[in-house]
Amino acid sequence: ARSRTVGELLAPTAPFDKKCGRENWTVAFAPDGSYLAWSQGHRIVKLVPWAQCLNNFLLHSTKNGANAVSTRLPRQSSESGQKNKPCEHIIDCGDIVWSLAFGSSVPEKQSRCVNIEWHRFKFGQDQLLLATGLNNGRIKIWDAYTGKLLLNLMDHTEVVRDLTFAPDGSLILVSASRDKTLRVWDLKDDGNMMKVLRGHPNWVYGCAFSPDSSILCSVGASKAVFLWDMDKYSMLRKLEGHHNDVVACEFSPDGALLATASYDTRVYVWDPHIGVILREFGHLFPPPTPIFAGGANDRWVRSVCFSHDGLHVASLADDKMVRFWRIDEEYPVQVAPLNNGLCCTFSTDGSVLAAGQDGSVYFWATPTQVPSLQHLCRMAIRRVMPTSQVKNLPIPCKVVEFLCYQI
């Protein structure tokens with residue numbers, strides 16, 4: 001089935017605009033749903049109020065299309081109870097932008113650096129930060145509501161390929177770089193760099209926190225998938241199974257699953273607690289054998305993300321297609337066309353998928369399905385129990401398999 005188009009945000013192009021500088025490597029939604037940000041190319045990041053975007057899409061869509069999205073609009077606007085009203089910003093970051101991440105503070109989450117008596121910044125709960133990773137290795141931190149530059153972090157020596165904030169509101173930021181390292185920053189401590197994570201033999205392409213912020217996944221060249229313990233800053237395990245560079249990763253909403261996307265034309269869904277591959281979503285049929293999986297084949301997977309219902313995964317590949325997969329089915333449930341797509345992510349409420357391409361962003365409605373009561377119970381249990389604890393429960397084997405996503 002074809003996915004329904006919701007809208008698009010097109011970047012302006014000058015007559016002699018060089019296409020090689022207009023890549024949209026990253027698109028991000030604010031945690032509270034107030035903002036959408038994306039890289040328009042040529043150093044520019046644009047922030048727009050997401051509720052305003054949805055309103056504009058409704059105005060230009062058909063009545064049938066409008067009805068499908070309009071039910072979600074009040075929820076989006078009511079959740080963003082901010083003192084600062086979101087308004088549009090265009091930010092010149094000074095260099096090519098490769099990565100974006102939004103972060104917001106939770107007051108009771110203290111800085112991990114306890115001996116600091118004075119701070120330049122005291123980030124409040126009503127503040128929204130935008131981190132941008134640049135081509136020159138710098139990370140710039142902006143106030144999303146004012147567009148003002150707050151911090152300039154300068155320790156990476158190569159491109160900052162990905163950024164992710166801890167979901168717990170601690171303002172811990174992790175950056176992944178082509179200098180083969182991950183760096184951990186404490187923005188509540190004025191951007192102090194806390195730790196350097198080493199282990200990747202080559203470029204690091206992406207990183208993602210588990211929902212409880214205890215585990216970090218990082219992926220990169222040389223088929224590398226690493227899991228890190230973020231309490232001890234040590235490596236938990238290395239996941240082996242891909243046959244080419246791994247370029248994107250994301251945990252499921254309950255933390256029980258991990259999706260990784262690779263140039264070997266596959267998306268794997270893992271149990272990160274035991275390192276087992278549970279699902280394989282192929283983008284080339286028949287799939288390439290390991291000896292041929294390293295070559296260019298127009299099916300490289302560029303991005304992957306989990307939907308908020310925990311039932312769907314979206315992937316974006318070089319074959320000019322966006323695919324929506326159900327985690328319990330072998331073939332996509334919906335597809336959509338997209339040329340030169342590089343990144344994708346779900347909106348904060350999960351109703352829309354945004355994908356970036358040549359400085360522009362395109363939006364599709366997420367497949368709608370009411371989760372079963374069993375699946376909701378499974379997600380509730382898996383939020384607090386790793387696989388090892390589930391397997392020790394005194395319950396029937398079939399129930400254990402279901403809770404471990406093995407059936």
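For all residues, glycine too, the Cβ spot is worked out from N, Cα and C.
The domain 'SOCS box' annotation in TrEMBL covers 363-407. The repeat 'WD' feature in TrEMBL is assigned to 153-195, 197-238, 239-271, 301-335.
Taken residue by residue, the repeat 'WD' (153-195) breaks down under DSSP into 3 helix, 23 strand, 17 coil. Under DSSP, residues within the repeat 'WD' (239-271) fall into helix, strand and coil as 0 helix, 17 strand, 16 coil. Here the repeat 'WD' (301-335) is broken down by DSSP into helix, strand and coil counts: 0 helix, 22 strand, 13 coil. Looking only at the repeat 'WD' (239-271), the predicted model's pLDDT averages out at 94.
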